[in-house]
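Feature annotations, courtesy of TrEMBL:
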- MET26, GLY116: ATP binding site (BINDING)
- CYS92: active site, nucleophile (ACT_SITE)
- HIS117: site 'Interaction with tRNA' (SITE)
- CYS198: active site, cysteine persulfide intermediate (ACT_SITE)
- 206-269: domain 'tRNA-specific 2-thiouridylase MnmA-like central' (DOMAIN)
- 327-382: domain 'tRNA-specific 2-thiouridylase MnmA-like C-terminal' (DOMAIN)
- GLN366: site 'Interaction with tRNA' (SITE)
Amino acid sequence: MSGGVDSSVAAYLLKKEGYQVVGVFMKNWSFPEVSLKHCQLFKDYKDMVKVCKFLKIPYLVFSFEKEYKKRVMERFFREYKTDRTPNPDILCNTEIKFDLFLKKAIKLGADLIATGHHIRRKCANDQLSITNGQCKKYHLLKGKDAIKDQTYFVYNLTQNQLSHCLFPIGEYSKDQIRKIAHKLGLPTAYKRDSQGICFIGRINVKDFLKTKIAEREGNIVDMKGNVLGKHEGAWFYTIGQRRIDGLSGTTKPLYVVATDVKKNLVIVGPDRATYRKGVILEKFHLIDKSYFSCHPERSVAKSKDLIKQIPRQARNDRGKSGNESYGGLTAKPRYGPEVYPGKLEKRGRTWRFMFTKPQRALTPGQSLVIYDKDVCLGGGVIKKIIN
């Protein structure tokens, strides 16, 4: 329980259904780089305690500060140093909430964990055991509220993790959650939604990066190499960014088209130059490994032209792992309600996604999450951009 309205209502709904509920507050960040007025740790904790007392349920505090620093924040800084833009909220869910937290809860005797995510868990067709009524395979679905859907942040969930999870508010819209909280008189009924980095809160990312990454002056150049200004370090900029400190005297709006941390360059150009056709993925994960074999209608014909466009090493591996191509899918290159149609392809050991129309600001280090209608299939981290 984060001290927010979503997890508060989730706890209420579970208790209403007859579950024995224990609220758990996670304390994962208390380092001097971020002041308490930003992370609101103590206020959130007090709100959680108020809700648990209101619902008459016990509560615990789990601390994963060392693990969070090592597995989330150190990686966050490391990725920026190597010219990539990571998503700490995805790392947080993968490494902390659905790994360390889940394991500790089960070790303490819990049968299930529940969160206030706007996502849904559903038993896959024909996967309910007749003998014991248990589900053998789960699908992860978007939350009913398309605007608040959070499947983007949890696409790395495994079947084992899903079998131990409940998502009570996934079937509700945000307005419905607020109405339930107001009707009950929950202490968090009027609390604003949390924003910012997971367990840290709202911060200026550039200032936060400067606590660990030193400034180094470099050139801002256009796509022809002409110097237009100076910057404080290429790692402080991301593709698609409009606000560019140190850039002046230009008559037309310019955006970050690319960065090069080795040469310490920030390359800028018109907005149209930020659009790309597709991405090559790494750390690709499918929630249901057999999904496409169970949905043959998603298979599409292979194309020699597409094979020619992928790296030579991947082409050399084709015979080892085979080629696959799946259409009728959509993808999210960033968090938000919008999904964009395209095709998922596997060439050898390389997965990639080709969009039907070029998409803006596809960024290495960010995650691309793939869907078949409302079903979140999984995704991967963007390794390279396909021009």
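Placement of Cβ uses the backbone N, Cα and C atoms for every residue, glycine included.
Projection of TrEMBL feature records onto the structure.
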residue: MET26; record: ATP binding site; CB count, 10 Å: 24
residue: CYS92; record: active site, nucleophile; CB count, 10 Å: 24
residue: GLY116; record: ATP binding site; CB count, 10 Å: 21
residue: HIS117; record: site 'Interaction with tRNA'; CB count, 10 Å: 23
residue: GLN366; record: site 'Interaction with tRNA'; CB count, 10 Å: 20
Taking just the CA atoms, what is the gap between the residue listed as 'active site, nucleophile' and GLY116 (ATP binding site) in Å?
15
In three-state DSSP terms, the structure that HIS117 (site 'Interaction with tRNA') belongs to:
coil
Distance, GLN366 (site 'Interaction with tRNA') to GLY116 (ATP binding site) (CA atoms, angstrom):
23
Distance check, please: Cα of HIS117 (site 'Interaction with tRNA') against Cα of MET26 (ATP binding site), rounded to an integer number of angstrom.
15
Round to the nearest Å and give the CA-to-CA distance linking GLN366 (site 'Interaction with tRNA') with MET26 (ATP binding site).
25
Return one of helix, strand or coil for MET26 (ATP binding site), based on DSSP.
strand
Report the mean pLDDT of the predicted model across the domain 'tRNA-specific 2-thiouridylase MnmA-like C-terminal' (327-382), rounded to a whole number.
98
